[in-house]
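A.B. asks: This is the structure I have questions about; it appears just below.
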């Protein structure tokens, strides 16, 4: 049994010998292989260190060829039996768990890896050592390795470890499990920022919640105004162009009606024109005095409605009596005997802020329905008066409204009003002429106290220098202020200027 196997190995391991000596090969056909090997006396013995395990195949199957070995290797040497070591191979699967386990133990996709790819997943150090050896049980090794590395409860083990190789599904499951516990104490912590206890009992959170609700109801107008300012500032940051309008003789005809200059310029009946102007003036002061506290605020004029909002403490004004609070806009009352009643004092400024807050509420409520401030008779009278003025002025306001509405329709543009009229009468005038929807109250400025140029500076500081400003007016004040700030100025002197302005806006020149 040993001799035929040695004969086969000799033929495989000596291919060159048969090529170099053909006559010897022919002669060997008549002789037995065992005799040819035994008569070889020229063999020089070599030490066992000259041979590696790669030269000796330990495979039990003779028909599977090993890697060709050196032609100087002979199976008849005595060291052959001592170099065959099979025990290290038998314990190989247990020894490889130290480096075979880490690449696979943390993976949750074990079922997706085929068994035939086990060798590709062995570390580089192990592959280097395997390449120099010829293991007889590669397939068995791969199967044993996967069986040792993938227990049936691999998902549970991986979920409990804090491995960086967690899958997205497992991470999402862990987040959903921990999220409720992380969010539960948050409301109590936010409600009690000044509480010394880290985790207040639930019995303490209920009264504090009621206190928060009450505090929310009594929230100061300063904070409300700040939030409104923040909301408007976010909208202002998106603006690209701001149109600064004058009111009288630009959008509406009012002052020239009172003086009769309009009737003289356009050949109208002075009596009718002046009478219409006086009637409109009467309505303006009626609304200003009755609903907008002009009697109290005439001597306390402001440039903008929010100028005194910082003095408002947010008191509920539902049942507040403005007629009996002792406020005097012309100066302090000597009967108080303290600084709180003096003009500019804390109490006086607070009452002043109350009035401007109420003015804003009334304006916002009636900006699209000024008739709600008037009796039915006065409402009808206002409608007739506006129609008469529109006829007398040849649709001046209607022509200006075309440009105003076109600008308002643009998302990146805004209309801002700067007038030399005091703030409260200007608000009444805007409401009565039906311009409340065009000009929000925060976009209305009075230049009575500080002048047009200073108003322009405030507007530039609000909207920024990156915005393009276009000034539209009829007077020298607007023109000079526009030149000071390098703003283009569009002069309005007649109907043709309004028509040209609308055409320029339609063609996107402005």
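Keep in mind that glycine also has a Cβ here, set from the backbone N, Cα and C atoms.
Pasting the relevant annotations from Swiss-Prot:
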type	residues	note
ACT_SITE	246	active site, nucleophile
ACT_SITE	248	active site, proton donor
BINDING	246, 248, 474	Mg(2+) binding site
COMPBIAS	7-16	compositional bias 'Polar residues'
COMPBIAS	192-203	compositional bias 'Low complexity'
MOD_RES	199	phosphoserine
MOD_RES	203	phosphoserine
MOD_RES	375	phosphoserine
MOD_RES	409	phosphoserine
REGION	1-32	region 'Disordered'
REGION	175-233	region 'Disordered'
A.B. asks: Using the Cβ center of 246, 248, 474 as the Mg(2+) site position, which other residues in that chain lie within 8 Å, going by their Cβ?
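C.D. replies: The answer, listed by sequence position, is 247, 249, 250, 251, 419, 473, 475, 478, 492.
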A.B. asks: Which residues does residue 248 (active site, proton donor) neighbour through Cβ under 8 Å, counting only same-chain ones at least six apart?
C.D. replies: 254, 255, 419, 420, 421
A.B. asks: Let me know the most crowded of the recorded positions, choosing from 246, 474 and counting other Cβ atoms within 10 Å.
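C.D. replies: Of the recorded positions 246, 474, the most buried by Cβ count within 10 Å is 246.
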A.B. asks: In DSSP terms, helix, strand or coil for residue 409 (phosphoserine)?
C.D. replies: helix
A.B. asks: Given the recorded positions 375, 409, 474, which one's Cα is the least distant from that of the residue listed as 'active site, nucleophile'?
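C.D. replies: The answer is 474.
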A.B. asks: Round to a whole number and give the Cα-to-Cα distance in Å for the pair residue 375 (phosphoserine) and residue 409 (phosphoserine).
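C.D. replies: Pair distance, Cα basis, whole Å: 33 Å.
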A.B. asks: Measure from the CA atom of residue 474 (Mg(2+) binding site) to the CA atom of residue 409 (phosphoserine) and give the result in Å, rounded to a whole number.
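C.D. replies: Pair distance, Cα basis, whole Å: 24 Å.
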